[in-house]
């Protein structure tokens with residue numbers, strides 16, 4: 001009898017962050033403005049690094065990749081929400097939703113891996129300055145980025161395939177502006193134990209590995225910095241890490257509170273937290289890295305004057 005009452009879901013309804021139409025218009029304006037600034041800011045970072053030979057170093061190579069990923073990350077979720085608002089629709093097809101989940105998982109984890117690679121780069125620059133050029137060879141830098149892409153795509157494929165095997169019945173309304181995996185899992189009328197298990201095992205490893213690398217890198221960095229006899233040397237060393245630490249704190253602070261729990265405990269507060277790392281973090285990254293970096297500000301100034 002239960003099988004007879006099941007209906008295959010062909011689409012999901014994205015209810016947004018608020019059920020109020022007036023509030024949704026305000027959210028639309030905010031998202032549109034933030035998306036434009038995100039794309040523009042990260043593109044400027046990429047152009048500045050590409051056009052300035054002084055920035056052709058491992059640190060800026062990783063930063064350019066991070067900016068590229070942030071553009072992709074924002075483009076996975078925000079455009080669909082904006083289009084739906086313009087068309088007066090809340091629907092997203094099942095295929096689009098699964099595709100969105102795949103790329104969402106890919107880019108959110110890729111952000112973490114790139115942040116860990118950048119932390120390792122800062123560790124080598126501060127703790128082994130004389131061997132920096134030898135240790136951070138161009139081939140190694142490219143290899144670190146490629147491996148990050150491969151791992152995150154395989155991880156996303158695993159979770160997407162596990163999501164596809166689930167059955168979704170009559171309930172298809174998602175209180176979110178995109179297909180976040182946790183709210184989608186809550187809609188399933190199948191047993192999601194395997195999905196939750198994979199989140200805490202494989203997902204936990206993929207999440208905690210780069211996070212652990214960041215923590216260990218900064219433990220070595222701070223222990224090395226504290227041994228410096230000059231206060232000027234300490235300030236200079238910490239200034240190169242300040243921007244990265246700010247981004248790491250913002251990114252991981254929001255994620256830890258949302259995804260390191262069972263999907264059944266997902267709440268409205270978690271929905272607000274996801275906005276921080278899906279919308280706010282890609283937006284502020286260009287400002288954090290450019291405002292605190294003299295070389296980057298100089299390169300951006302050249303790009304703007306050329307225009």
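Backbone N, Cα and C define each Cβ position, glycine as well.
The domain 'G-protein coupled receptors family 1 profile' annotation in TrEMBL covers 41-289. Taken from TrEMBL, the feature transmembrane segment applies to 26-48, 60-81, 101-120, 140-158, 197-221, 242-260, 272-291.
Per-residue confidence over the domain 'G-protein coupled receptors family 1 profile' (41-289) averages out at a pLDDT of 88. In this chain, the transmembrane segment (26-48) lies apart from the transmembrane segment (197-221): fewer than three C-beta pairs between them fall below 8 angstroms, excluding pairs fewer than 6 positions apart.
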